[in-house]
Structure formats: C-alpha cells, structure tokens
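Engineer: Annotated transmembrane segment per TrEMBL: 20-46, 75-100, 158-175, 263-285, 297-321, in sequence order. Taken from TrEMBL, the feature domain 'ABC transmembrane type-1' covers 21-321. Look at TrEMBL and you will find 359-597 tagged as domain 'ABC transporter'.
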Amino acid sequence: MFKVVRKIYSLLDHSERRRFLVLILSMIAVGLIDVAGIASIMPFMAVVSNPEVVSSNHYLHWVYQTFGFSSENHFLIFLGLLVFFMLLFSNAMKAMVLWLDLNFAHFRLYSLSRRLFSSYLSQPYGFFINQNTSILHKNILQEVAKFTHEVLRPCTQIFSRLVAALFIFGLLLVIDPLLALIIFSSMGTVYLSIYFLAQRRLVVIGEERFEANAQRSKIAGEAFGGIKDLKILNREAFFFDQFSEHAHKAESRMVAHGLFSQLPSFFMEVVAFGGILIIVIYYLVVKQNIGQTLPVIALYAFAGYRLMPALQGIFSAASLLRFNLPVLDRLHQDINANPCARPILSRQQVPILPFKERIQLQAVTFSYPGSDCPILKSFDLSIEKNTSIGLVGATGAGKTTVVDLLLGLFSPDQGQLLVDGMPVKAETMAGWQLNIGYVPQSIFLSDDSLANNIAFGVPADQIDMAAVERAGKIANIHDFVIKQLPNGYQTPVGERGVRLSGGQRQRIGIARALYRDPAVLIMDEATSALDGITEEVVTQAIRTLAGKKTIITIAHRLTTLKDCDLIYVLEEGRIVEQGSYEELSGSSNRFRAMSRSAI
Ligand SMILES: Nc1ncnc2c1ncn2[C@@H]1O[C@H](COP(=O)(O)OP(=O)(O)OP(=O)(O)O)[C@@H](O)[C@H]1O
C-alpha cells in the first residue's frame, strides 16, 4: 500500500500535492463536524424519551437555565432545531468537500493526460516503432480517466471515509467502549477478511481488463487504419470477432469487480440489523435500564447508518484501487521512466544549427531497437553543402536507414553524425533538424486544409501564405489547387487526405518539406506515386533548387537521379559503387541492371 501511495504521489507535481493536502484537511474537518452532528441527536432523543432528564442532567439543565426556557416543549424544539442545523451545516460542508474532491480529480485528468501526451511526444522516434499507437491513444484518453476516477478518487475516498469512520467510532467509544469495540471489530473483520481473501484475484482480473482493453483499442485502430484492405479482402468479420472477444473479456472483468465491490454491503445490512437487535437486548437484559435505551439505540442506528456506508466506501474504494493497479503502474512507468525523452520546445526556442560545409556519417554502426543485427557497419558518407546526391540500391539495402540517421530519427550505436565536422548531440539535434525538409515514402495528411497541411503544425493565423504558394508551385500542385479546388489552399483534404489522389498527396508532402525553405531537402521515393509527366515537371522544379540546397534523393526510378552530382549504390548496408549518372551507366553493370528493371 505504501508503494502505491508513493507511486501516486510521484505522479503529482508540487502544487497538486499541496491541493491534495488541503483536500485531506477538509476531509478531517468534515469528519469532525459529522460526528458532532451525530452526537447532537443524543440530548434530543433523551428529552423526547424522558422529559425529566432536563432537570436531572447537569448539562441539559445548565443550557435550559442559561437560555431562559420556560417549558420543556420549547426546549425540545430548540434541541430539534439544533440537530437540524448541525446536520445542515455538516451536509453543506460535505458538499463543499465533494466539490474540492471532484475538482481535484478532474483537473488531475487534465494535467496527467497533458503530461502523458507530452511524455510520449518527447520520446525518440525509436520508441514509436516498437509501440502500437492505438494503445498510446488509449492510455492518454481512457487510462488517465481511469486513474483519476478509479485510483486517485478512491484514495481520497478511503481517507475521507476512514476519518469519518474513526470519528464515529471515537464517539461510540466515549458512550460505551465495549459495545463500540464489538460493533467496529465485527464490521471491520468482515470487510477486511473479504478484502484480503480476494485481493490477489482483484489484481489478476485488473491486469486482464487492462490487457483486453489494450487489445480492443489496437484492433479498432488497425481496422480503421487499414479499412481499404479490410474491405477488399472482406476481412470485417475477422476484426469484428477479435474486437468482440477482447471487449467481452474486458467487460466481464468489470462485472466481476463491480459485483465483488458491492456484495459485502448486502451482508453487512444483515449484520447491522443483527447489531441493533443485540444492542436492544444488551440494554434490556444486561443493563436493565429502559429509560436509557431509546437515545442509545437512536445514536447507534444513526451511527450505523453513517458507519456502514463509510466502511462499505472504504472497501469498494480499496478494491477499485487494487483492480486498477495496472493502470497506475503503466502511467507511472510512462510518465516517469523516460530517460531518452527530449523536452517539447517551440520552434522559437530552438536555435538553428549553422550548416556551412558538409554533412557526414562517420564510421556508423546501427541496428534497430530490439534487433541485434546491424543494418549498417562502419558506414561512412560525406555530403558537401549544396550538392545533389542520390541513394540507390535494392529494396532493404539500407537507404531509408541512412536517411533516418541523417535526419536524427535514430542515433548510431557507434560512430557519429557530423555537421561541419562537429558531432550533432542530443541537445543540438532539434537545431539540426530545422535545416531539413523531408519527404517520406508515405505522406501523412491531417484532416485539415491544404494550407494547414503544407505548413503542418503552424497555427493557422501564423501561416505564411506566400511560402505556402511558393512551395506549392515547386511541388507542381499550385495550378491544381487554384483551378480545381473550391476553396483553393483552404480546401479540406479529408482524413489522411482521402479526397486526394496518391500523386496529389505526395506533392503536398513535397510542398510541406519546402515550406520552411530548408537548406537540406531529403526525399525518400518522393516522386514514386507521380505519373511520368508530373514526375518530370516536379523533378524539373526541384532541379531549379540544385546548387542552392543540399538535396538527398532515394529513388528506384533511376532517371530521377540524372542530375545528381553523385549517386551512391548501396548493397546490404554498404556503399558498393559511386559516381555520376553517366559514369555509373557506363561503368556499372549493377547500375545498368537496376536502370533496366526500374523502367
Ligand atoms: N524498425 C525496424 N526494425 C528492424 N529492422 C528494420 C526496421 N526497419 C527496417 N529494418 C530492416 O533494415 C533493413 C534496411 O531497411 P531500409 O528501410 O533502410 O531499406 P531500403 O533500402 O530503404 O528499402 P526500400 O527501398 O524497400 O525502402 C531491412 O532489412 C529492414 O528489414
């Protein structure tokens, strides 16, 4: 339990911990007021059952005299009103603490989901290739909500109810220690035994729910992500069945937990009723004092009425907490265990890394995270500023890997990335990346306007429309946008650009890479989805950048690389040949074979 509290505590920041303390202190105050409300019922019931107590009881007599009451009925009305206002005050305080409690829980949902999102965003690219992003969505949205409502709130509830229960117990203890101990220990024993008997199982079903929930999120994400293939292959039933199986498992664990957390309350009602019977018999038979019985029974009935939900609340909150321990563990791990994370900085905060002479990969050895087979071994590459180079090679030769290392998406296991002879370190990587415009093999488009997709990640009111159009013209998309789209650059592209053709999507990707007018342009099969004529037009436009930018192009269609200053031929992670297009066409059989097969 101590470990759990420490984990929860570590998920809160300084001001959140302070608020948590305020909440706990308010709960103690409410516990005190509550018990005063319960205690105030005793004199009232004593006077109802035996009006003579006003003169025989020292305290009641003092109040009666001090406030100058003239009849016992008036005094009774006064006591009744006192009880009423105590209850009113106590319930108003409870409502206020509930507000504090809800406020605390819901704003933790806000702050924790932000922190988790930021923690994921700041992870290196390698983190994402070993993750299923649907599960990350689910963690940010569903599991954080589960944490706040089913881990954090149960904690405050356990505390508030424990305080209430202890104060009620204290009150009963003052009135009749033996009976208080019997009641409290019998109720406590029932709850504690059920809890300890079932706690292991609770953790297991909690883990099963967490896993089943992760699986159903993954399946839903994959079904929609691959909807085209799913439709063509008629695989809807496969995904539907898989989703149903995991959804059923997750919900059946919820049912098991829900039932478990409520069952003892039914049993306890019987125990409580039996308790009242015992009290009546105890006072009638053992103490033989019928005059005292009514107020004490009223007190016990009222205390029981408060104590039972308090104990039941502690029990269900504790079992909820136990059931959701996997959620706490996962959030704790994802928010705190984050050694390679890079802080999220806005562009203005990142100084661009000066680039004047050359980019180098020096003696680089690299294997992908989770794999011990190196894709590149002692790999060297040097690219002079403002030259155009091409990377060619059979599929799987390592071209994209080389580019990903130049982009700083991965760090070499050995060797380094140098810019102007200086190693690019983690602190300067973001500054280096500001030099680069990158067109990947498959272009991601957000469900937004063309302009927002080209400027990508720039707030709409800060987009430089002149830069958007300039990039659109080089990417040969400008005429299409102006002539054929109803709202020009403000036309929405649909989710993942579904309203555009593959070639149009690719040209938007090129325009996006050029929007910032970067010093380095890296294109990985950037023109492969274009028809021959459009490809030629785009290649021509990019050619106008030759000598002004450093251009690195991966292409299977080798004619795209005709104007490159230097082409590197890669095979199994090594450079096996290099030269201009003419040189390689003349001297390399391998290059000629690639040329022929790519036409
Ligand atoms: N995330 C990954 N984890 C493990 N191995 C990977 C990963 N990505 C790529 N590889 C492996 O690295 C090797 C080089 O892949 P890379 O994508 O760099 O080749 P490529 O030359 O760009 O191929 P293509 O022309 O098909 O894009 C391949 O053998 C591939 O299986």
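Glycine is no exception: its Cβ is also placed from the backbone N, Cα and C atoms.
Predicted automatically and left uncurated, TrEMBL annotations should be read as such.
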Engineer: Could you check whether the transmembrane segment (297-321) and the transmembrane segment (75-100) come into contact, where contact means at least 3 Cβ pairs under 8 Å with the two residues of each pair 6 or more apart in sequence?
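Structural biologist: Contact criterion not met.
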Engineer: So if I exclude everything within five residues of the ends of the transmembrane segment (263-285), which remaining residues of that chain have a CB under 8 angstroms from its CBs? That is, six or more out.
Structural biologist: 179, 182-183, 186-187, 190-191, 194, 292-293, 296-297, 300-301, 304, 308, 311-312, 315
Engineer: Cβ under 8 Å to the transmembrane segment (20-46), counting only same-chain residues 6 or more beyond its ends: which ones?
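Structural biologist: Residues 12, 53, 57, 59-60, 76, 79-80, 82-83, 86-87, 89-90, 93-94, 96-97, 100-101, 104, 156, 159-160, 163-164, 166-168, 170-171, 175, 294-295, 298-299, 302-303, 306.
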Engineer: Tell me, what is the mean pLDDT of the domain 'ABC transporter' (359-597)?
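Structural biologist: Summing pLDDT over the domain 'ABC transporter' (359-597) and dividing by its length gives 88.
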